[in-house]
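Over in Swiss-Prot, the protein carries these features:
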type	residues	note
BINDING	Ser92, Arg98, Arg108	substrate binding site
BINDING	Asp228, Asp253, Asp257	Mg(2+) binding site
BINDING	His294, Gly295, Ser296, Ala297, Pro298, Asp299, Ile300, Asn307	NADP(+) binding site
SITE	Lys194	site 'Critical for catalysis'
Amino acid sequence: MTKQFDIVVFPGDYGGPEVMAEGIKVLKAIERKHQSDVSFNLKYHLIGGASFDIHDTPITTEALEDAKAASAVLLGAVGGPKWDGTPVPVESGLGRLRKFLDAFGNIRPVNFIAPSLVNCSSFKEHVVSGTDITIVRELTGGIYFGARQEHDGSFNSASDLDHYDRDSIVRAARLAGKLAMSRQPHLPVTSLDKANLLAACGRLWRGVVKEVFETEFPTIKLSHMLIDTAAMNVARRPTSLNGIILTSNMFGDIISDEASAIPGSLGLLPSASLCAIPTVLDASKVRGIYEPIHGSAPDIAGQGIINPTGMILSVAMMLRYSLAMPEAADSIEAAVGKVIEDDCRTSDIGGRASTADFGDAVVIALRNCLDKN
């Protein structure tokens, strides 16, 4: 019996539709291989500026409801200079989507999908070679969602409240623990905080994380590190943080962007924002939002040169975490690595391939990989 998965697709703005086309191309190759077992029902919606132009809102209620009913969400990129003057920031469509789905746990891998990419890194090869980090960022709490007092026009004072509750920290810690347990041998977890000075994303965070790992993941090696020390280590010795990094919303926002410089291009990196904790990673379905970490690239959109790797690898993450197809995810990752090692690259990583050329090459490599399995 064929299993149907409903997937909501938000191509997004500027370069978003370009990379999304390559991601869907790869997803269709998986569907053809497994046509007797699975079917992907794709439902397209607008988000961000594209939605604002048509619906006068960054995301419609219909799009939100369809996303909530779907198995997973794929997203290209949101925003751009065309909509700088809108009454409501068009980027808020993504925030509303995350909130509506309660996407609490952001996962960002930081590694080299192809070993030769170490030569493209902003860092020295001997510093970053062997880096393999997965960052788990809590997405729904912290200072971004706390009470806010804007300045009164005199620019004398303003405030933002950093607030966390126990439940928000617990589920982020559990997600990190499950990720660590899913690998053999189990991965170490480094929790980042500011426990020497701050209450919420400091001492409360550290105390709750410590308790969760002591009671639920006693075999996982847990260490705590101050965020400023971690930021230094990302630049100086990133391999010392190999494994899982767990941290709060704002700290995760900053440290993940810093770490994204390691592989050499923002176009290489995927992300997942999960809405639940899998019972067993790689074997359970969890609704999530899957998107590359790069922006909409308005400066190069329409030229056919954007790197679609992050989007394609986001499709792989969707197959792994939301559709319970880990072998297919592994095959996509292997195909991407082979294509890059065979020197089919977009310009941001030293090649001349177009966006579509790269996607086509991945599909060919993927078919060969799937035929061997």
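Each position is counted from 1, following the chain as shown.
Glycine is no exception: its Cβ is also placed from the backbone N, Cα and C atoms.
Across the structure, Ser92 (substrate binding site) and Asp253 (Mg(2+) binding site) place their CA atoms 16 angstrom apart. With all protein chains in the displayed structure included, the most crowded Cβ environment within 10 Å among the binding-site residues Ser92, Ser296, Asn307 is that of Asn307. Across the fold, the C-alpha of Arg98 (substrate binding site) and the C-alpha of Asp253 (Mg(2+) binding site) stand 15 Å from each other. Shown are the binding-site residues Ala297, Ile300; of these, the residue with the fewest other Cβ atoms within 10 Å is Ile300. The separation of Arg108 (substrate binding site) from Asp257 (Mg(2+) binding site), Cα to Cα, is 10 Å.
Most Cβ neighbours within 10 Å among the binding-site residues Asp228, Asp253, Asp257, Asp299: this distinction goes to Asp253. Most buried of the binding-site residues Arg98, Arg108, judged by other Cβ atoms within 10 Å, is Arg108. As a whole number, the greatest separation of Cα atoms within the substrate-binding residue list Ser92, Arg98, Arg108 is 21 Å.
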